[in-house]
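Working notes for the structure below.
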Amino acid sequence: MKFISVLALGATATSVLGASIPVDTQVEKFLIELAPGETRWVTEEEKWELKQNGQDFFDITDQDVGFTAAVAQPAVAYPTSIRHADAVNAMIATLSKENMQRDLTKLSSFHNRYYKSDYGKQSATWLQQQVQAAITASGANRYGAKVASFQHNFVQHSIIATIPGRSAEIVVVGAHQDSINGRSPMTGRAPGADDNGSGSVTILEALRGVLQDQTIVQGKAANTIEFHWYAGEEAGLLGSQAIFANYKQAGKKVKGMLNQDMTGYIKGMLDKGLKESFGIITDNVNASLTTFVRMVIKTYCQIPTIDTRCGYACSDHASANRNGFPSAMVAESPIDLLDPHLHTDTDTIDYLSFDHMIQHAKLIVGFVTELAK
């Protein structure tokens, strides 16, 4: 998760079709999209300079020729009332702050989780093992639930956990797993406890909660459920772009995607005299799905919401949106009050509230169950 940028873009942006390949072939270049149709070729170093200045982007270097970003999404009817309160409340009762603290302590202990580093590969492997353990412990694997790697052209892989339902329509919850030290991406210490270890372990604990429901475990939910952990988000939403482009090409149907990017920091709100709240992202999301998310929060969570905007390509929900799938995003706070330690070696567990992270986990359990069951 990053702040909306007011950075003035020095180079002239061009359309994707008009973006010529850079002449200098000695330095690797990447094609990035800073706004719809506005692209530029940059070096890896220039990528991180943009990030340090708060400018988000899609890295579209490997985008298929002929790809067209979705300008509209198919209409989806979302529930307008709560239907599974007893089941959701039973699952919520099993959520554990202790589990999240244990998992985040381990996940943030990797030197970094940079998408090109061995640490990024090791952390993804460890995370996938925890997902597999949750599935196996629930017995859902006996009914077709599974976890799989989604490989990329860099060493860190994305992770997809699938709990089959009666239909192939998919309800997705996602979070990016990588971290970055903005000053030294490859070798710098980047615990990434909040950005985005918090989101990664929050959805992991929510998965454990969802797997307490035998209807879901036994594949009897109306829709299929997927939990995603994306690789390479910091480098331009690489993992989520690849997955949702693959889904688009395969003709998969996604009923809704909820993104969790930074779920643990509340000090910024409290210091401003605000109540602890969710930050509801209102730009580059599906309005109807966001309305549904508000209903889930009001029913199952104990904190209010504040509307906020995060800008173009700010996190992985934008990849779903760009490929024509309805998405929503809920952050730990309004964007201007996010954790100031992100992308540094001080993004540690010490600054986080696990009570707040439990609120996010409750949201996820409610979202998945009300939409899939």
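Including glycine, each Cβ sits where the backbone N, Cα and C put it.
As recorded in Swiss-Prot, the features of this protein are as follows:
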- His176, Asp195, Asp261: Zn(2+) 1 binding site (BINDING)
- Asp195, Glu234, His343: Zn(2+) 2 binding site (BINDING)
- Cys310-Cys314: disulfide bond (DISULFID)
- Asn196: N-linked glycosylation site (CARBOHYD)
- Asn286: N-linked glycosylation site (CARBOHYD)
- 1-18: signal peptide (SIGNAL)
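With a 10 A radius on its CB, Cys314 (disulfide bond) counts 26 other CB atoms from all the protein chains. Taking Cα separation as the measure, Asp261 (Zn(2+) 1 binding site) is nearest to Asn196 of the recorded positions Asn196, Glu234, Asn286, Cys310, His343. In the three-state DSSP scheme, Asp195 (Zn(2+) 1 binding site) is classed as helix. Across the fold, the C-alpha of His176 (Zn(2+) 1 binding site) and the C-alpha of Cys310 (disulfide bond) stand 16 Å from each other. Counting only the Cα atoms, the space from His343 (Zn(2+) 2 binding site) to Cys314 (disulfide bond) is about 14 angstrom. Nearest neighbour of Cys314 (disulfide bond) by Cα distance, taken over the recorded positions Asp195, Asn196, Glu234, Asn286: Glu234. Of all the recorded positions listed (Glu234, Asp261, Asn286, Cys310), Asn286 has the fewest other CB atoms within 10 A of its CB.
Taken residue by residue with DSSP, His343 (Zn(2+) 2 binding site) is part of neither helix nor strand, so it is coil. In the three-state DSSP classification, Cys310 (disulfide bond) falls within coil. Every protein chain considered, the tally of other Cβ atoms within 10 Å of the Cβ of Asp195 (Zn(2+) 1 binding site) stands at 30.
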